[in-house]
Amino acid sequence: MSNERYNARESEPKWQAKWDEAKIFATRNDDPRPKYYVLEMFPYPSGRIHMGHVRNYTMGDVVARTMRARGHNVLHPMGWDAFGLPAENAAIERKVAPKAWTYDNIASMKKQLQTMGLSLDWAREFATCDPTYYKHQQKMFLDFLKVGLAERETRKLNWDPVDMTVLANEQVIDGRGWRSGAVVEQREMNQWVFKITRYAQDLLDALETLDRWPDKVRLMQRNWIGRSEGLLVRFALDAATTPAGETELKIFTTRPDTLFGAKFMAIAPDHPLAQAAAAKNEKIAAFVEECKKRGTAQAEIDTAEKQGIDTGIRALHPFDPTWQIPVYVANFVLMEYGTGAIFGCPAHDQRDLDFVNKYQLGNTPVVCPEGQDPLSFVITDEAYDGDGRLINSRFLDGMSIADAKEEVAKRLETATLGNAPVGERKVNFRLRDWGISRQRYWGCPIPVIHCEVCGVVPVPDKDLPVVLPEDVSFDKPGNALDHHPTWKHVPCPQCGGKAQRETDTMDTFVDSSWYFARFTDPWNETAPTTPDVVNRMLPVDQYIGGVEHAILHLLYSRFFTRAMKATGHLGLDEPFRGMFTQGMVVHETYRTADGHFASPAEVAIVAEGDGRRATLLDGGTPVEIGPIEKMSKSKRNTVDPDDIIGSYGADTARWFMLSDSPPDRDVIWSEEGVKGASRFVQRLWRMVNDAAAIARSAPAERPATFGPEALAVRKAAHGALDKVLSGIERLAFNVSLAHIREFANSFGEALAKPGQPSPDLAWAIREAAVILVQLFHPMMPHLAEECWAALGRPGLVSEALWPQIERDLLVEDSITLPVQVNGKKRGDITVARDANTQEIEAAVLALDAVRQALDGKPVRKVIVVPQRIVNVVG
């Protein structure tokens, strides 16, 4: 066997230069071949790529290279999600301009990505912070504005008085801003929103068509959209207990069948009725203020202790006006959900039960499980939310839940309060319109002007883009655009009078909600898309990214595609045909005696008995080996891709990232695993060189017949070809790599046999070597190019078409059949695939297991189901 070592440091830059020179990854929009668009979620230019990037982009590259080899016109672009808060933080902390910081990071990360050997069309590269990109985003905003998909509305928002910006609910922790630590205020503010709720039902229904998306992602979106059918019920308020002017309280419920179990009403702290009550009661006012300080993220509200205060207001039961229900202000009701008010039926809702137990309001069960005695059915600490029959509900008693819901709806639809029905059937959605206003500098400017005379005036198309000024100062907190002395002051486009630009910028999720469409023709200077091109190249056939983007990014992109269709920018509804969410890259953590984390590069690990011992390389101090966690800077358990690529080569890193775990699961980083991948690279190199020496003696023409040895080599090669391709098509990359290893093992055995191979075997070895190189090319393209050249093949393997599978070679010569005696399995038998019935019968009856099962009884008949099963009847 050859002892020559493969030198990745020399090979990889050489082949990358050849690919660039030949422009083999550039995609032509007019290419007549069937298109295939593969896209990994583009990165934020933080400054360095991490191993998660390596895994993500390697997966996409395997798909791109495979589909290119199979004759598709592959679009595989790359760009930069370049706006965002970290650039402003860098400007504040390091006194560097956001633009300069961003583009320096892009240059560094691009260089890193290029060392990975990714088959990207860099000619289509753009950054979302470039005015040539956001010019078109501003144009689409104005188009959305014209058709009512963008609006300005007043919302109650979380305001950080130190950072002077609006915070999302998830950014408020224990009532304080996640970054500044300041107590967050609730402020009513003007906010630009996209009307995503207009498409709520369509976005929900279309999830059924996305059969190449993970079920968990579709479920997350389904829950986020949150469609519920129910009843809007208007409760009259007792005039004697209610502030002047308040006459009714509206609630939306999906369980109108439980109305007779109502024990309290709960309203949000910012509900108008709560505000009216607080104006006349200091205790209520104090409770409302305390609620404003709490976190507003749904997860935090769900886990917080349920608290409330009785307003003294009483609501009247819609079926019995003598039945008064106390109205509480509660910390678990949000104004933005439903009507900002609920009725509590504690017997059948755990949250409500916890609440009434705390305030001793009691509970009355109104749904009894089938078979349970209604008289003895009680609720104490655990609510019952199952099916059953109605009890303690007057005219509903004995009904099923479904029938009771219908009966309540019918009665309340015909009852009136004032001049309107008490009840109204409604479909409610949890989904809320998308607020896009951000009080930040480093984002896409919103292209509107505010005039005291004309109001909100769109920036004329001819004046786009509205470009961010570069001479900004971050000496003051808040939005640098607000402080700019000249940028925001402009004449009104309509009346010419004094006016001001909108100083809010767009949520960065807007930038990433249409970038996939821009990649189809990023050279179009006059429009966001070129209709015939975008409609031909979209949807993205395979999108790859983290599950953390399952809701917001993916849902916003689905909305944006519909909005772009409504405004004439493209002609389809769904942006991504296939979606794949890869797992994370995880690593052990290491902690010193003083509690500080140590990086893997600072730690030495040795085996000790049945375990392992870790020490610091510098000084030998013992280190605690901690749990395996996601790689993060805070835990210092990251591995620098540059170090791995510099030591082992990009192909080794790529192979390891694909081989160790199913791609949708986390991969545990292991230095031993990387070394194993490196050894396999060297083994393949030696193997191909050995095969190349044999191939030089092979006949040019295909032999007319093949002997057993040659046939075995060919069967293994074509079997691997079939299995590896199947794995890639299913994105089961680890399975494909296992089949490559399996084939390499059998091929290595064939190469190791002594003596000069026969002409037919030499021909088969040459064919198998070519197939082997093409099989690992998508995963290890640099090694594949070097091996391709060693085999004397013309051109580049990156341009070669996938080998044709000879299906007749996939048929096994023998087949294994299960054998039953009187319907009970007794064993298996392996026979020639073309064996006739008589031969199979004879072989079966000769089996010891069959003779023992018959125990001397005569054979009545033998039933042979061809290539399926044999049953002996005795």
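Note that the numbers count up from 1, one per residue, in the order the chain is shown.
Yeah, the Cβs are placed from backbone N, Cα and C, and that goes for glycine too.
Swiss-Prot assigns the feature motif ''HIGH' region' to one of the listed ranges (43-53, 241-251, 637-647, 670-680), namely 43-53. As stated in Swiss-Prot, the feature motif ''KMSKS' region' covers range 630-634 out of the listed 255-259, 290-294, 525-529, 630-634. Sequence-distant contacts of the motif ''HIGH' region' (43-53) (same chain, six or more residues past either end, CB-CB distance under 8 Å): 80-82, 84, 86, 102, 104-106, 108-109, 112-113, 127, 546, 584-585, 631, 638-641, 644, 657, 669. DSSP states for the motif ''KMSKS' region' (630-634), grouped as helix (H, G, I), strand (E, B) and coil, give 0 helix, 1 strand, 4 coil. In the predicted structure, the motif ''HIGH' region' (43-53) carries a mean pLDDT of 92.
Around Lys633 (ATP binding site), a 10 Å sphere centred on its CB holds 12 further CB atoms from the protein chains shown.
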